[in-house]
């Protein structure tokens, strides 16, 4: 039997998206260490994305957009308000979508609780669903912050929060309206694999690769790029 197309509620796309980028989880995290980010690889990936987005008018000085104070920071963040106010634009083609893998985030919690098998009547599965989402959304926030430090206007989006769901692990509902509206507004949506509700199993894991495949069909990007790094 052919797989039914997922239900959608999406406004018309502003124009064909230039690029959907997949950041491999193994590339941006240390897979042998629980919830450990490979900071050097993540910085390199974000710098490469900024270079790819440049329309030739981007200023040499990068004005970061992460204005929050991190634990251990000795002082409040520096906000270049005058610099931003004086800019005619960012000089970036922000018509990109980023989807990242989980790497060393989420897998431990999901596998220990069996979230992918479903069954929210089990308190272990329910607790694991919560724990998995805490883990993957924390990674998403760190990736958004890393992109923002490169001056890329990024916004994190979780499939669960956007109403994406599955039917026996096949994508059943995929509301892309927030993604498209964010593109309209000049933001770069950043999505991730997530724990989602399933109409038959109660819950399961929705992978980043499934998200990319669906968005590629919906948004018809010029490019779909998988960004990985070779690690020794």
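From the backbone N, Cα and C atoms, a Cβ is placed for every residue, glycine too.
Please treat TrEMBL annotations as automatic predictions, because they have not gone through curation.
In the shown protein chains, 27 other C-beta atoms lie within 10 A of the C-beta of residue 102 (substrate binding site). The annotation substrate binding site is assigned in TrEMBL to 102, 107, 208.
The Cβ of residue 103 (ATP binding site) has 23 neighbouring Cβ atoms from other residues within 10 Å, across all protein chains displayed. According to TrEMBL, the feature ATP binding site maps to 103.
If you look up TrEMBL, you'll see 58-73 marked as compositional bias 'Basic and acidic residues'. Residues 50, 79-80, 83-84, 87, 90-92, 145, 148-154 of the same chain sit 6 or more residues outside the compositional bias 'Basic and acidic residues' (58-73) yet have a Cβ under 8 Å from a Cβ within it.
DSSP places the residues of the domain 'Aspartate/glutamate/uridylate kinase' (93-227) in helix, strand and coil in these numbers: 57 helix, 35 strand, 43 coil. The domain 'Aspartate/glutamate/uridylate kinase' annotation in TrEMBL covers 93-227.
Taken from TrEMBL, the feature region 'Disordered' covers 52-73.
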I need the CA-to-CA distance for residue 208 (substrate binding site) versus residue 103 (ATP binding site), whole Å please.
11
Excluding 102, 107, 208, which residues of the same chain place their Cβ within 8 Å of the centroid of the Cβ atoms of the recorded substrate site?
25, 101, 103, 105, 106, 136, 192, 193, 205, 207
Applying a 10 Å Cβ distance cut-off over all chains shown, what neighbour count does residue 107 (substrate binding site) have?
19
Within the predicted model, mean pLDDT of the domain 'Aspartate/glutamate/uridylate kinase' (93-227):
96
